[in-house]
């Protein structure tokens, strides 16, 4: 179909008439010039892709008229330029694509129509675990184990890169997806098919937002939604409000980018930005490097926004040059963005656009801080950490409480490790990990950690041998500058050897703790601590034996590792005493900003980025040696425990089946607030007594071969058994933490999977009751696929995290929301009732539907299908069914 906005296309350079761009200034500059820069990107994509069908003329008018329409809950389409995947979410996406090809063929269509039509990059970074640490060969041993465990998955992904066009694999050992995206994959501006246009993307990882720090609009979506984008379907989204975040002033010399982002995270959680964009402006932004901006943008999911945007400016351009991008392309990037009104001068207030609301932060008010012990938004000043932890010890069980009786606050347990005696108590640090894309992409905090390590070693300090220390950089560039600057030996001396290039501890791949440490923690019932430079610290995520976990900057991770406890006041108490009997305080070894900047200027150089990235796709010999078939249809191996054809499309026909009312459903689980996708579908270790473990054992596997839930996402039988299998799940039916529930007809307490299986055998539909922020955390599509396979037809919650709600929609599971001011408690719901949810034939977005109980009580709930497109997916039984029917016709 012809584009009605073709008249806006003109050459960027008269000397190159074949290279055009859509000049949005011609639309209506009085409105366009007032739009937030992030909304301008949405507008450009809509104008360029307008076909009067998927993207209509009225969509462009609605976006251009954002000042009015932002308050009207209006749906607009967005076609991102590309998609990125990581392997934990990428494997199920490729499994779905393979199964969809089978389904299209079965329905009489051309299976090769199932193929990405936009560029797709899949970065393998989630599989490696910290099995070995504190030894020079840790990296090689962990990488060898990664291949041993994941060979079948990797062969499958290699098949996918051959079978599907436009799919590129970045092999294991290359780095973390978001740092590789920032340093290498990001185009900033596309030059394709004769047009320049802004780079934009969605990714199957919630921290995809990190790229917004470079001025590339992107955010995390569920794997199901990403698959639809890959097949050419636009994302259907409610036109977001945009919160302007003004930064002023300069940070204190002791403050790191981590401190700034933890402060912003707490602030924006309080402001309330769920479902909104945040766009930064003000003189303070110019003080921040791209690495600092990327750190702030990375934590976007932790404060609940959809995207956190830093428009491109001179600092962005310098970063592109610094990271080895082609200088002629960088000039074109600047020229295009200036021509289309998307290049920013943060010192010029006349460029400040209109915002829905403006909030601000003076950077000089930020103090060194951590976040924890169970949520990233629970910021604690470093000066208050000791007092805060001791308060949490005795507080009621909750986000800030462990309910330890006062007479047990000083409990301790001695143990023998490597022939020496040590003592653990509440607050003892047993994991200290410099990890995650959030911080390892930032040279200032990484070099700061290295310089602190050097000073600590020079002062005679060390880390106790039982503390599990690790360094997992986000790319080879980090190792390069740590080695070249001479700080790597000091990090190694304190136990922070490079253990792998990947997410590792941040996603729960922290590996085992020493057995004597685990015994001391469990026998003493101690609240042990993990300290990590990550972005999430939900209970049970980092390690099953660390009940308290704090997010901190890399230098503070080392400081707490040396101290050995979180119960320390750094101002008043020494980090330790050296062999000479001298007390050494944190202030004695903390590097100055000038020291860090001098080292950064000398060692973080373009040649380093070029050397690392020019061989990134070919340097891994183990990956190169993998064999993979070249068939267009995947040959499923019935004996495989990693890759299995999913049951989602088994009974699919071309005929639509309209949604039906849910009649006499039982409640499988009665949950509270902030149930995360980690609770719903854990990514970490498979417990030996779990339904998933029984499944694997029955197939002849030993516990050593179980691997993790995340690595098993290509097998629906394991993932269904792993649904709600988190040992920290708090189900109100039981009033204790356990991956169990009550089978209401019999009154038996069973594992969640076993209870769901029995309900399904009895022919009973199921629902889940929940509180606020249901599904927060990772963009985990199995947190929707798993409940679907358990027979859960609907979830009734007070509110949903954005990505999880869209994943439920994508699977045809109905997200219901209590009316404002209502919840399970106010309505007197126990969860032991039977629920009938009336789904009318004339269903409309966000319609109020009736819920009837077998007690005779009735109430209204909002059906959270927010757009007409989402209702179309419901009528098809989910988004993938819709795409298969579309491709098979």
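Just so it is clear, glycine is given a Cβ too, placed from its N, Cα and C backbone atoms.
Bear in mind that the values here come from a model prediction, so they are computed numbers and not experimental data.
According to Swiss-Prot:
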- 86, 205, 206, 207, 536, 541, 699, 779, 780: substrate binding site (BINDING)
- 437, 503, 506: [4Fe-4S] cluster binding site (BINDING)
(request) Write down the Cα-Cα distance for residue 780 (substrate binding site) and residue 503 ([4Fe-4S] cluster binding site), rounded and given in Å. (result) 15
(message) Return the count of C-beta atoms lying within 10 angstroms of the C-beta of residue 206 (substrate binding site), excluding that atom itself.
(response) 27
(request) Give the sequence-ordered list of residues that share a chain with residue 780 (substrate binding site), lie 6 or more positions from it, and have CB atoms under 8 Å from its CB. (result) 89, 222, 677, 678, 680, 681, 683, 804, 807
(request) Starting from the Cβ centroid of 437, 503, 506, which together make up the recorded [4Fe-4S] cluster site, report each further residue of the same chain whose Cβ lies within 8 Å of that point, ordered by sequence. (result) 125, 176, 178, 207, 435, 436, 438, 440, 472, 474, 502, 504, 507, 534, 535
(request) Return the single residue from the binding-site residues list (536, 699) that has the minimum number of other CB atoms within 10 Å. (result) 699
(request) To the nearest whole angstrom, state the Cα distance for the pair residue 437 ([4Fe-4S] cluster binding site) and residue 699 (substrate binding site). (result) 36
(request) Measuring CB to CB from residue 86 (substrate binding site), give everything in the same chain under 8 Å that is also at least six residues away in sequence. (result) 122, 123, 124, 125, 126, 177, 203, 204, 205, 503
(request) State the count of C-beta atoms found within 10 angstroms of the C-beta of residue 437 ([4Fe-4S] cluster binding site), not counting that atom itself. (result) 30
(request) Give me the Cα-Cα distance between residue 506 ([4Fe-4S] cluster binding site) and residue 536 (substrate binding site), rounded to a whole Å. (result) 7
(request) Determine the Cβ neighbour count for residue 506 ([4Fe-4S] cluster binding site): the number of other Cβ atoms within 10 Å of its Cβ. (result) 28
(request) Tally every other Cβ atom lying within 10 Å of the Cβ atom of residue 503 ([4Fe-4S] cluster binding site). (result) 30
(request) Would you identify the secondary structure of residue 536 (substrate binding site) according to DSSP, in three states? (result) coil
